[in-house]
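Now, the feature entries from Swiss-Prot:
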TOPO_DOM  1-26  topological domain 'Cytoplasmic'
TRANSMEM  27-47  transmembrane segment
TOPO_DOM  48-438  topological domain 'Extracellular'
CARBOHYD  Asn82  N-linked glycosylation site
CARBOHYD  Asn88  N-linked glycosylation site
CARBOHYD  Asn112  N-linked glycosylation site
CARBOHYD  Asn150  N-linked glycosylation site
COILED    289-383  coiled coil
REGION    393-438  region 'Disordered'
COMPBIAS  399-410  compositional bias 'Pro residues'
COMPBIAS  429-438  compositional bias 'Pro residues'
Amino acid sequence: MGLSMDRSPYSRTGDRDRGCWYYLRYFFLFVSLIQFLIILGLVLFMIYGNVHATTESSLRATEIRADNLYSQVVGLSAAQANLSKQLNISTLVKDTVMQQLLTTRREVERINASFRQCQGDLITYINYNRFIAAIILSEKQCQEQLKEGNKTCEALLFKLGEKVKTLEMEVVKEKAVCSKDKDSLLAGKRQAEMQQEACGKAREQQKQDQQVTEEQLRKVQSLCLPLDQEKFQADVLNVWRDSLVYRSLDNIGYHYSLMPEFSSLRRTCESLPGIMTTKVEELARGLRAGIERVTRENGELRRQKLELERAIQGEREARTRAGTEAQARETQLRTECARQTQLALEEKAALRTQRDDLERQLEARKRELEQLRTEVDVRISALDTCVKAKSLPAIQPRLPGPPPNPPPIDPASLEEFKKRILESQRPPLVNPAVPPSG
């Protein structure tokens, strides 16, 4: 029983903690040794002693020793009874202590597991601190970018306002120029209409003059074309011969044949048809020259008329083209002004949207940061509580020291961390209560 108790795990808990059975073992060992020595002495006495001489004394001594031994046995019996009671009590205490030991070991294991979990949470929160630091830096960068974006937005709005004012001034100037061009074109149109009307009247007058001239030309041609010089000369000669002057010259020749001037007079009278023919021919040539001159003038007038018509047509085309160009330029300016205004409004709206998005992102980052700070504070306080609650010695895992140069933040891990935090902050979906059946 002593050996089985020696092999119990309670005897091995420590060198300093001594149980009841440890002392009882030495007690029984000393008792057994004393009994062995007594028996050995008796045997030696019986073998080597004088039995007959010392029987009475030995008997008395034996009685005395027996009485002593009886008293010792009685005392040892009482001590054994007491020790049995104490042993029973110690067994109960041992069972209680063993139960407490098992409970303590379970508690130690639980505390170790909690401590390991706290160490893992500590490592996790150290990593979370890196993410939080990255989020804080990102928040600062977002704030700086928001400030820069606000400055850029204000500068762009100012530039767009100046550009809109410049465009409005240019539109006003272009409208004034278009109005001046329109007025000049209207004046040119009225002048061209007046010139066209005058040209129409001149053309009608020229047509009438041309008709009259053509009629006169036809008459003159009808009169001049049949004129034959030889026939005209023969007719004039016949008329001359049939005239009274010719006959009178013939009769005078008989009476005044001795006069010296008569022959010259006769030659003059005879050459009179030729002179008349020459004069008529000169008149015909002059008439032909006049007809040719009138024809040339008519051709020149026709050419001027065609040039004037072409000039009028060109003026009309130029006026139409100028009006079309002015209208197209005005339409283009209006379209460009509307487009620039629309672009300015779109850029302004885009900048406002971007600024609102940056503000929303900044607010979300602030909320995430506050939530993370709160969660980290809670976890750190829980970790401190776990560390303080660990009272028994245990092999504590060595905390890894912070690396001198932390690795860079992975954007994917950072986004996953943000998503996990946002999902943890979502309100749980509450299922509607199902009414009990029956």
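Including glycine, each Cβ sits where the backbone N, Cα and C put it.
Overlay of Swiss-Prot annotations on the structure.
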residue : record                      : DSSP (3 states)
Asn82   : N-linked glycosylation site : helix
Asn88   : N-linked glycosylation site : helix
Asn112  : N-linked glycosylation site : helix
Asn150  : N-linked glycosylation site : helix
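Comparing the glycosylation sites Asn82, Asn112, Asn150 on other C-beta atoms within 10 angstroms of each C-beta gives the minimum for Asn82. Geometry remark: Asn112 (N-linked glycosylation site) versus Asn88 (N-linked glycosylation site), CA distance 35 Å.
Averaged across the topological domain 'Cytoplasmic' (1-26), the predicted model reaches a pLDDT of 61. Cα spacing between Asn150 (N-linked glycosylation site) and Asn88 (N-linked glycosylation site): 87 Å, rounded to the nearest whole number. Using a 10 Å radius centred on the Cβ of Asn88 (N-linked glycosylation site) and all shown protein chains, the other Cβ atoms total 10.
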